[in-house]
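Record features (TrEMBL):
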- 12-144: domain 'EamA' (DOMAIN)
- 42-64: transmembrane segment (TRANSMEM)
- 76-94: transmembrane segment (TRANSMEM)
- 100-121: transmembrane segment (TRANSMEM)
- 128-148: transmembrane segment (TRANSMEM)
- 154-172: transmembrane segment (TRANSMEM)
- 184-205: transmembrane segment (TRANSMEM)
- 211-232: transmembrane segment (TRANSMEM)
- 239-260: transmembrane segment (TRANSMEM)
- 266-284: transmembrane segment (TRANSMEM)
Amino acid sequence: MGRFTVFKPIIGPVLGLAAYSLYSLGDASIRGIGTSLPPFELAFVGAVVSLMLSPLVLGRSLSAIELVRPHRWWRWLLRGCFAVGGTVSGIYAWSRLPLAEAAAILFLAPLLTSTLIPFCLREKTTLLNWLASLIGFLGVLIVLRPGLRELNSGHLAALVCALCGAGTGLLLHATRDEESAASMYGASALSVLAISGIAAVSHWVSPSGSAFWLIVAYASCGALANVVLMYAWRRGPAFSVASTQYSQLLWSIGLGFVFFSETPDVATRVGVTVIALAGIWPLLKHTNDSVN
């Protein structure tokens, strides 16, 4: 048993890396669909698939009532609000911005999470954590500078998504000992299903064959990523898990280059390097200290 104990400090970060790789694949699917389908329609289909996959990702013995059995209802509703806002705004941003540019704006989420943790959750932080957040923020600015000559609705949507992501991270970490993964999963899927379903009815567009499979890929990756990220927040220190989102920028640049011929310029490559160092450096330091 002792030899497995050394792996406990890295369980949360490893799950975080897995979750954000799945998110990136889902984001690339949205980019492939483009603006041909309304965001609320994609969100609705994604929620349907999420609920269909819930027995697989949460356990086959899951009872439907567990999806709506929170310890505190206000937490359930707040999780639902973050889910609706983050899902719809994220779809809008990914369908209208280059993958790397959208991902860079979304890196405000882990930066905000890491910055707010000491104030909202009363957790101690270190100078290293503050420096990493500052360096990461500078890296985001380096990446965004070439692409932000003019702001548009896609940039605003990405900002809203980042704020919702930060709120979700803080909520999941703060309630990890009281709220079940099933209830938080249910809050996300059912809220998006209800709100986006109502909004999508009057603007429904039948997807083509390729768009249909891209929707399935987006929904499947998103459903699995949501659950994996929930367990990541419960198994690891908040700062370490938040830092793993930096890997999503690397995924976005790689997928954008391979599938959409989006070649990063020099400034973007420099920014990516800065952001990656800001995320990996404290993560390795925390992990090494925990193991020692």
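Cβ atoms are placed via backbone N, Cα and C, with glycine included.
A quick note: this is a predicted structure, and the numbers were derived from the prediction, not measured.
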Long-range Cβ neighbours of the transmembrane segment (266-284) (under 8 Å; 6 or more residues past either end): 13, 100, 104, 107, 110, 128-129, 132-133, 135-136, 138-146, 239-240, 243-247, 249-250, 253
Other parts of the chain folded back onto the transmembrane segment (76-94), taken as Cβ under 8 Å at six or more residues beyond its ends: 27, 30-31, 39-40, 42-43, 46-47, 68, 70, 102, 105-106, 153-155, 157-158, 160-161, 163-165, 167-168, 171-172, 179, 183-184, 186-192, 195-196
The domain 'EamA' (12-144): DSSP-derived helix, strand, coil residue counts: 110 helix, 0 strand, 23 coil
